[in-house]
Amino acid sequence: MAGSSAEQAADYRSILSISDEAARVQALDQHLSTRSYIQGYSLSQADVDVFRQLSAPPADSRLFHVARWFRHIEALLGGPQGRDEPCRLQASKGRRVQPQWSPPAGTEPCRLRLYNSLTRNKDVFIPQDGKKVTWYCCGPTVYDASHMGHARSYISFDILRRVLRDYFQYDVFYCMNITDIDDKIIRRARQNYLFEQYREQKPPATQLLKDVRDAMKPFSVKLSETTDPDKRQMLERIQNSVKLATEPLEQAVRSSLSGEEVDSKVQVLLEEAKDLLSDWLDSTGGSEVTDNSIFSKLPKFWEEEFHKDMEALNVLPPDVLTRVSEYVPEIVNFVQKIVDNGYGYASNGSVYFDTAKFAASEKHSYGKLVPEAVGDQKALQEGEGDLSISADRLSEKRSPNDFALWKASKPGEPSWPCPWGKGRPGWHIECSAMAGTLLGASMDIHGGGFDLRFPHHDNELAQSEAYFENDCWVRYFLHTGHLTIAGCKMSKSLKNFITIKDALKKHSARQLRLAFLMHSWKDTLDYSSNTMESALQYEKFMNEFFLNVKDILRAPVDITGQFEKWEAEEVELNKNFYGKKTAVHEALCDNIDTRTVMEEMRALVSQCNLYMAARKAERRRPNRALLENIAMYLTHMLKIFGAIEEESPLGFPVGGPGTNLNLESTVMPYLQVLSEFREGVRKIAREKKVLEVLQLSDALRDDILPELGVRFEDHEGLPTVVKLVDRDTLLKEKEGKKRAEEEKRRKKEEAARKKQEQEAAKLAKMKIPPSEMFLSEVNKYSKFDENGLPTHDTEGKELSKGQAKKLKKLFEAQEKLYKEYLQMLQNGSLQ
């Protein structure tokens, strides 16, 4: 970079001050690497002064900048003989040289920052190996249907992954696990198995009623001991449902109803009491379940359902998927090394992590993510699992803060052989062993839900760093925010959740993703009707823009006509376009802030809409190339976010995901012909005043084409705009329009009715002679004068002058109304 002559002189003085010649030449080469000194370079006195300090160009080929510069200066001075002659900086007559060039200052490029739970700050993202990013994500524990809480994490991480890969161009290696060995799975598998066996035995009504009463006893104790209000409310709901189903069956048994009638009530009670009976059956017979296939059947089923849900949500599959059941040998080896390193100990066939020993080490820190939660026994016990917090298990630990690496299996639990006896992995060690096997001693990103920070992720960090004897197993820890349901806490254990399948019955995968994009990935998201309505409106807003641009691009024009002169409006819109692109980039660099990105994109579309509306009002064609560039950019961004399938060239695809046929390019030529034919027919019908043909034309637009997913938009004096829109969307629009028209008609009728009532009331008032208007108010007045004006109140007291004056005004007003009424009678204007 070339600076001013004064700056160059200062640089050269600094170089000349170096006493060692080799170091001086090296410094000169460094300086010259930032400047242009090719033919035509403008010679300065500082160049000459430094040149004269050198006897010859350097022999070292690595100092080629000095060598080229030396020969160039020598040539400008007229060869070797001119090196000691006075320097004439003015070029010889007729010879010109290029002026000195100054590069632009530029701006500091924006760097990606991610909110790192390890620091609770937005840290500059620096992968450990160039552009390669290693990423491990905690997957689901598969014992039930996937719900919107899962969607919150996996859609959010899918968006982050796509942005890192497709926008920032990182090479992302994404790993995810499936937890198919866990206390929840074991308990649920046993309960399902035992309940189905019980149902198949078809217990008589009297036996079922007895069993339900027996099951209710421990359930009632559990209810009385529950302090959490949400959990208590859930248990009370179960209790009430069981009672409501029990009473009809008891009545049926007492009344000796037919077997069919009793059986129907038995089935109702079985369904309502399933949770109650399952817990009771497990407590009495769970230890007798020994077939390992029972414990693998349940997670296999729900894992498959999970993958179907992720595909339906357009969530990319991981590069590697690990299952705990497939990594038991690696987990055993992982635990053994932790013990060998001095951070684990065996106790009664189980192995525990020694948190005190780990925390005392100068190399390690325990509780990196949530240090304030260390010692929280409730959270620690939840992390251990329901089957692992009995008094005998807790007594095996050296400290209550220690957690299980390996659990000795009890009767009724699956088991695998290991050096400490038959058992199964602890929850936290599963992720550590699988991630460590695939990603090694340190990964770039670890992701999971916010509620996994402690104890799960803190324990993962501890045991992994104990294994690798390092302090950097994870560089960036990302946690997605909670999801609430209409402001209420969502919990599978509280049975307060919406499954992904149920959510997809109401809204499309794109609409759900747009809702997530319109919120920060790390903050709480409220899944509610308001949230989804905002997403629907955003989708409609963007889609209308894409449809309008497509219509403009379909207008016939020759090749040269595609490139039109830019007026001030195009220049301004293009300036705004690039400004919004910069704003989008800055937002993505700022912790992948998709909420701001979506608003910037909305603002850009609003500017385009204003531009198109102005052109339409002026009967001028909008600039095709500019609008296409903007629409393609927006499409590109929505593709990156996973809101548009890859095959769509511009805007949202028509026909839904998985449609191989390019519906738009196939049917649009035919629709365009139909539109032009319809316009011609309408024109003739208007001229000939054939109302029936115009009505048929409107019916085609309003009733027939929407059923096929086609919208015709008529604009006075302009060609009909043809748009392909999702059929359901059009039918909803049609229904909404119908409701709006009905509401308008209802309001009009209501206004007419009110007006009629007001006129009737006014007429009724006008009919009253002023002399009679107060006579009926005996609850207010006791005496009246000859004109009917009150003089005394009900107690016989004479009215004050102020009261009398007020009544006099009312009397005179009524007198005027009554005269109008008499005049109307005389004129015959009353119907």
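Cβ coordinates come from backbone N, Cα and C, glycine included.
The N-acetylalanine annotation in Swiss-Prot covers Ala2, and the record cites similarity to another entry as its basis.
When secondary structure is read from DSSP and collapsed to three states, Ser102 (phosphoserine) falls in the coil class. If you look up Swiss-Prot, you'll see Ser102 (among others) marked as phosphoserine.
Classification of Cys138 (Zn(2+) binding site) by DSSP places it in coil, neither helical nor stranded. Annotated Zn(2+) binding site per Swiss-Prot: Cys138, Cys431, His456, Glu460, in sequence order, evidence recorded as similarity to another entry.
Taken from Swiss-Prot, the feature L-cysteine binding site covers Gly139, Thr179, His456, and the record attributes it to similarity to another entry. DSSP gives Thr179 (L-cysteine binding site) a strand state. The Cβ of Thr179 (L-cysteine binding site) lies under 8 Å from the Cβ of Gly139, Pro140, Thr141, Val142, Ile185, Val324, Trp427, Glu430, each on the same chain and at least six residues away in sequence.
Here Swiss-Prot flags 140-150 as motif ''HIGH' region'.
Taken from Swiss-Prot, the feature motif ''KIIK' region' applies to 184-187. For the motif ''KIIK' region' (184-187), the residues of the chain that approach it from at least six positions outside its boundaries are 141-143, 282, 286, 295, 298-299, 385-387, 412-414, judged by C-beta separation under 8 angstroms.
According to DSSP, Ser388 (phosphoserine) is assigned to a helical segment. Annotation for Ser388 (phosphoserine): same-chain Cβ neighbours under 8 Å, separated by at least 6 residues, are Asp183, Ala404, Lys407, Gly426. Feature annotation from Swiss-Prot assigns phosphoserine to Ser388 (among others).
The annotation phosphoserine is assigned in Swiss-Prot to Ser390 (among others) on the grounds of a large-scale study or a structure entry. The Cβ of Ser390 (phosphoserine) lies under 8 Å from no Cβ of any same-chain residue at least six residues away in sequence.
As annotated by Swiss-Prot, motif ''KMSKS' region' applies to 489-493.
What Swiss-Prot records for Lys492 is ATP binding site, and it gives similarity to another entry as the kind of evidence.
The compositional bias 'Basic and acidic residues' feature in Swiss-Prot is assigned to 736-762.
All protein chains shown were included, and the count of other CB atoms within 10 Å of the CB of Ser829 (phosphoserine) stands at 8. The phosphoserine annotation in Swiss-Prot covers Ser829 (among others).
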Remark   = Least crowded of the binding-site residues Cys138, Cys431, counting other Cβ atoms within 10 Å of each Cβ, is Cys138
Note = Least surrounded, by Cβ count within 10 Å, of the binding-site residues His456, Glu460 is His456
Request  = For the motif ''KIIK' region' (184-187), give the DSSP counts of helix residues, strand residues and coil residues.
outcome  = 4 helix, 0 strand, 0 coil
Message = Counting Cβ atoms within 10 Å of each candidate's own Cβ, which of the recorded positions Ser102, Gly139 comes out highest?
response = Gly139
Query = Expressed to the nearest Å, what is the distance separating His456 (Zn(2+) binding site) and Ser102 (phosphoserine) at their Cα atoms?
reply = 57
Note = In the motif ''KIIK' region' (184-187), averaged pLDDT is 95
Key: Other same-chain residues whose Cβ falls within 8 Å of the Cβ centroid of Gly139, Thr179, His456, the recorded L-cysteine site, in sequence order   = Cys138, Pro140, Thr141, Asn177, Trp427, Glu430, Cys431, Gly448, Leu452
Request  = Within the same chain, and leaving aside Cys138, Cys431, His456, Glu460, name every residue whose CB is within 8 angstroms of the centroid of the CB atoms belonging to the recorded Zn(2+) site, in sequence order.
outcome  = Trp427, His428, Glu430, Ser432, His446, Gly448, Leu452, His457, Asn459
Query = Say you check the Cα of Ser829 (phosphoserine) against those of the recorded positions Ser102, Cys138, Cys431, Glu460; which is nearest?
reply = Cys138
